[in-house]
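Student: Below are the structure tokens for one structure; questions will follow.
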């Protein structure tokens, strides 16, 4: 994993002063690539690269070029199937200069133009410049695991792995995007292409940009996960055949994600998903002891330490257990917001940051993690709620207006996702300042693009929810501000076996009963792991733990938090209603008050972290 940045000037060549600018932009990404940094300037193009050496340690520095240097590449990420692609390209006469994985991108481009992207199995964001055509392609991987941001200002296209690199450019103005703010309040977090910075966009997963010399920027979708219409029948295929096929793909995914020239480790939470990875790795590579890393919230009523230790023992892993005290939340909150570049809905990011610190301290650069199983195999409680509604065990008492809204958002007036949004709109109006509330319809995220309802319409409820969870929860939250950003803050690359392109495309075609069987979530994953997972982990009930949030911070009277939530500060910033915030503070400060229901929002943690975002990026 690395960091990339750059800009193209459409009206003139890059000046000598701007050579210093690209170095300054690049320097903001050193945490993503502490091993080496370089910049390249030619004609009207400036490129920056920071390297975290993982594959091709001695010869993998970028930018990379083709034979006549007419094609230039900077890439952040990994191409896991590079060995197979390299052999195919060599058979066609291509000569490779390095042993690094991403060089295959250049040779694939020479063969096919930009139409090779779905041959890549990996996690990546790259910029490729074709000097002959005077075109740049900016690409983000299919699942959006690696971030890429961009903007167009005053005849200049600017991009970067993180927004902080873009903000170094003097032409970029810093202004809050209130639609982005409303997205964070309404959903799990931001949804691409929206960011918290007006005019700066996040490239969507499975998309690429074409930037030509005439200031024309074209956004192209090259991949999305397409679910079948209606229900998928078993068609006489035995259940075991599906299980065997899944296990083969899962093992292939793990094999690919262990390709590295540096040591790799495992995140072990004690839950089903990370345990499956750890135990499968130990079965595939017996006798090889991996470093495993876990967080234990010792002050929580529910410690998972016992399960973490069981998994580590059964998988022959060396467990590095990081004890996370609640005071660590306030210590790391500012740092986590700096790296996520957005407000957050819960404090898990601080724990993730703490965990990656422990990984880096052990000298590990690559870690395997279990994200993705819940989204693609019906692991969240919402899937069970849907089934209960289908069985009339839960009443769907929504207004006519709410049903109209659902039809517009999801293509189904009866599909319930997380909450009644119109009721929540009224609540949000009370949270926002009078000035913002008066123009609420303009920045209400539900009145702006969310996701493509045509990709949901006509699907069964499991696949509807899976698609929404993937687009709204996974891409820009779990593997972005929570995953990539918290790991790369400490120069750690996280890889996700459950996010293999082949594996999730297989999951999309599964019959619904293999995902949610009666009320057993992730049924086929449980079937697959019977032969190697300890029964104590396999049979435990799904644990829904809410990280301690603003009630804890308020009840422990943090001076910094009290300042961020002070009446005068809230009023001065002008985004929130100070009287309503005072009311919430009183409620949240009551002894014993907790936020622990599924999908219940910690409103004040978003207000707190938005205040930190203001302090770090807008007021400085």
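Placed from the backbone N, Cα and C atoms, the Cβ positions cover glycine too.
Feature table excerpt (TrEMBL):
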type	residues	note
ACT_SITE	2	active site, for GATase activity
BINDING	101	L-glutamine binding site
BINDING	295, 369, 370	ATP binding site
DOMAIN	2-214	domain 'Glutamine amidotransferase type-2'
SITE	371	site 'Important for beta-aspartyl-AMP intermediate formation'
Student: What is the separation, in Å, between the Cα atoms of residue 369 (ATP binding site) and residue 2 (active site, for GATase activity)?
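Tutor: On Cα coordinates alone, these residues lie 19 Å apart.
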Student: Just name the winner among 2, 295, 370, 371 (the recorded positions) by count of other CB atoms within 10 A of its CB.
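Tutor: In terms of Cβ crowding, the pick is 2.
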Student: To the nearest whole angstrom, state the Cα distance for the pair residue 101 (L-glutamine binding site) and the residue listed as 'active site, for GATase activity'.
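Tutor: About 13 Å separates the two Cα atoms.
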Student: Rounded to the nearest angstrom, how far is the Cα of residue 371 (site 'Important for beta-aspartyl-AMP intermediate formation') from the Cα of residue 295 (ATP binding site)?
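Tutor: So the alpha carbons of residue 295 (ATP binding site) and residue 371 (site 'Important for beta-aspartyl-AMP intermediate formation') sit roughly 16 Å from each other.
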Student: Starting from the ATP site formed by 295, 369, 370, give every other residue of that chain whose CB sits within 8 Å of the mean position of their CB atoms, in sequence order.
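Tutor: Filtered neighbour residues, in order: 267, 268, 269, 273, 274, 294, 355, 371.
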Student: Measure from the Cβ of the residue listed as 'L-glutamine binding site' and count the other Cβ atoms within 10 Å, all protein chains considered.
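Tutor: Here the count is 25.
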Student: Residue 371 (site 'Important for beta-aspartyl-AMP intermediate formation') to residue 2 (active site, for GATase activity): how many Å between their Cα atoms?
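Tutor: Here the two Cα atoms lie 21 Å apart.
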Student: ATP site residues 295, 369, 370: biggest Cα-Cα distance, Å?
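Tutor: Maximum Cα-Cα distance: 14 Å.
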Student: Could you round the CA separation between residue 370 (ATP binding site) and residue 2 (active site, for GATase activity) to a whole angstrom and send it over?
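Tutor: Cα of residue 370 (ATP binding site) to Cα of residue 2 (active site, for GATase activity) measures 22 Å after rounding.
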Student: In three-state terms from DSSP, label residue 371 (site 'Important for beta-aspartyl-AMP intermediate formation') for me.
Tutor: coil
Student: Can you tell me how many other Cβ atoms are located within 10 Å of the Cβ belonging to residue 369 (ATP binding site)?
Tutor: 26
